[in-house]
C-alpha cells in the first residue's frame, strides 16, 4: 500500500512540473512574439531618415566643409545629416544625453 501511494504522488508531481514548464514556455513564446516586437521599434535610433536604404551613409570632403560643420547624431533633425537642435527635445523626452558632432578647422 505504501509503494502505490508514493507512485501516485510522483505521478502528480511529474504532471504538475510538466504543466508548469509548458505554461512557462508558452508565456515566454508569447512574450517574444508580441511584447518584444512592440518595443523593438522604440529602441531604434533612426525612425524616419532614408528607411528604404539598408544603411544610411553620408560622406563629405573636408575641403567642402568650410570652417565648421555640425552633424546630427540623434536622427531627429529635419535637416539631416546636419543638426537642427532636435536632440534637445529628444534628450528631454528620453533622458538621453546625445549631442551633435561638430567638425571644425583647427585654430592656428
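Note that the numbers count up from 1, one per residue, in the order the chain is shown.
Glycine residues also receive a Cβ, built from the backbone N, Cα and C atoms like all the rest.
Residues or ranges marked as transmembrane segment in Swiss-Prot (evidence: sequence analysis): 14-31.
Summarising the annotation, Swiss-Prot assigns ubiquitin cross-link to 42 (among others).
Swiss-Prot lists 55 (among others) with the feature ubiquitin cross-link. Classification of residue 55 (ubiquitin cross-link) by DSSP places it in coil, neither helical nor stranded. Under 8 Å, Cβ to Cβ, and six or more positions away along its own chain, residue 55 (ubiquitin cross-link) finds no residue.
Residues annotated as N6-acetyllysine in Swiss-Prot: 55 (among others).
According to Swiss-Prot, the active site, schiff-base intermediate with pyridoxal 5'-phosphate annotation covers 55, on the basis of similarity to another entry.
Here Swiss-Prot flags 68 (among others) as ubiquitin cross-link. In sequence order, 102, 103, 104, 105 are the residues near residue 68 (ubiquitin cross-link), counting only same-chain partners six or more apart with C-beta under 8 A. Taken residue by residue with DSSP, residue 68 (ubiquitin cross-link) is part of a strand.
Marked as N6-acetyllysine by Swiss-Prot on the basis of a large-scale study or a structure entry: 68 (among others).
The Cβ of residue 78 (ubiquitin cross-link) lies under 8 Å from the Cβ of 84, 86, each of these being in the same chain and 6 or more residues away along the sequence. The DSSP secondary structure for residue 78 (ubiquitin cross-link) is coil. Per Swiss-Prot, ubiquitin cross-link is recorded for 78 (among others), and the stated evidence type is similarity to another entry.
Non-local neighbourhood of residue 79 (ubiquitin cross-link): 72, each in the same chain, at least six residues away, with C-beta under 8 Å from its C-beta. Swiss-Prot lists 79 (among others) with the feature ubiquitin cross-link.
Residues or ranges marked as ubiquitin cross-link by Swiss-Prot: 89 (among others). Neighbour list (residue 89 (ubiquitin cross-link), Cβ cut-off 8 Å, at least 6 residues apart, same chain): 76.
Taken from Swiss-Prot, the feature ubiquitin cross-link applies to 104 (among others).
Among the features that Swiss-Prot reports, N6-acetyllysine is placed at 104 (among others). DSSP assigns residue 104 (ubiquitin cross-link) to a strand segment in the three-state reduction.
Using a 10 Å radius centred on the Cβ of residue 105 (ubiquitin cross-link) and all shown protein chains, the other Cβ atoms total 11. The ubiquitin cross-link annotation in Swiss-Prot covers 105 (among others) and rests on similarity to another entry.
Positions annotated as ubiquitin cross-link by Swiss-Prot, on the basis of similarity to another entry: 106 (among others). Taking a C-beta cut-off of under 8 angstroms and a sequence separation of 6 or more, residue 106 (ubiquitin cross-link) has no same-chain neighbours.
In this structure, residue 89 (ubiquitin cross-link) is part of a helix by DSSP.
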